[in-house]
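First up is the structure itself, then whatever we jot down about it.
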Amino acid sequence: MKITQLPQEFIDAQPILTKLEDAGFEAYFVGGSVRDTMLGKTIHDVDIASSAFPEEVKSLFHNTVDTGIQHGTVMVLDHGTGYEITTFRVESTYTDFRRPDHVTFVRSLEEDLKRRDFTINALAMRHDGEVLDLFDGLEDMKKGVIRAVGDAEKRFTEDALRMMRALRFSAQLGFNIEADTQKALVDLAPNLAKIAVERVRVEFEKLLLGSQASQSLELALRDQVMNYLPGPHIEDWSSIIDDLNKDQATNYTVAWAHILSRTQFDDKKRRQFMYDWKMSRNVMKTVNAIVPIVHNPKKSTVFDIYQVLAYQEELLEVLSLTGSQPETIQRISHIIEMLPITKAADLNISGGELIRSGILTPGPLLGRVLKKIEYAVVVGDILNDHDALEKFAKEYVNDQN
């Protein structure tokens, strides 16, 4: 099969392949860029595999970087763009369920493609668009099937993360997982507990953003994959899956906030869940801010909304995902639009001014007064006017005395 209209990313990289070929080596585009082009999806970068060994690649191109030379990868810099060229290779045993103990460079494309995870990812393409399909990946693509290359049990034993990748591709592409591949996933799911949490999280986040995330979550639950994922156990995924049947999160922060909004975790358990998944501080901060409001949106006050203003987009999206009433979302949107200030710095008076006017001196009381002023302005008790705020501060200090 030949692709007649190549994306620009391939066209830009064609000189790299032809230079390798002119020197007597084989060179192909491989991996996700070929798969996604066949599926009509946008690609962002390309991967190149070649029979040239790393030192041979470096001798051909003047501007190179050893990005992973021990695994056969050299980056070639061409007109400001970096292209990773990886030597055809075979891999040894995987004692850590992640990386091969060692790799051996070979001259055979078939031997290289044999080690890849799924048939849809084991396609190679010549510089002119001719696609080489040694493992029926095109047929599996046509059928909408995710099938391991060769022995599924062997592929998943080599790298347990491939099980999460199977579920992720199912979510992203809407493909079914082939029966033998699915059986191996069920049998070897316990090995997921041996994989670094960060690697599992990246795949799970991609799954959650897939158009068929609900389908993949149902598979993961049915096959008890969830039992080997990090964090306190979520007893009931049904409402999460129902939500994702209707819509998807636009980013992984929203995805996590959505999941945790649908659990009955208390604050401590929610924090433990995020810690176990090794989420970033920014994600934790966002989730902790908006989940309490999503749990009780009708009871949220103007000041509650003001306090999470920095996360308003995430809040409104999670409210929509969880099926909050339109009038509830409209009310919160209206509160956001009508807020007199968006942050304390918007107040028309400062701590320095209160000190210079003699109303206050530096100390804890100053901080309390500024907090009181901020609250009063936000809820509409006073206007954000300098004189009004100064008067409010004086009265508050007098009351305290």
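Cβ from N, Cα, C; glycine included.
Checking the candidates Arg116, Arg126 against Swiss-Prot: the one annotated together with Gly32, Arg35, Asp159, Arg162, Arg165, Arg168 at the CTP site is Arg116. Secondary structure at Asp45 (Mg(2+) binding site), as computed by DSSP, is coil. Fewest Cβ neighbours within 10 Å among the binding-site residues Asp45, Asp159: that distinction goes to Asp45.
Secondary structure at Arg35 (ATP binding site), taken from DSSP and collapsed to helix, strand or coil, is helix. Relative to Asp47 (Mg(2+) binding site), the binding-site residues with Cα atoms inside 10 Å are Gly32, the candidates having been Gly32, Arg35, Asp159, Arg162, Arg165, Arg168. Between the binding-site residues Arg35, Arg116, Arg162, Arg165, the minimum number of other C-beta atoms within 10 Å of a residue's C-beta occurs at Arg165.
Binding-site extent for ATP: residues Gly32, Arg35, Arg116, Asp159, Arg162, Arg165, Arg168, maximum pairwise Cα distance 21 Å (rounded to the nearest whole number).
Between the alpha carbons (Cα) of Arg35 (ATP binding site) and Asp45 (Mg(2+) binding site) lies a span of roughly 12 Å.
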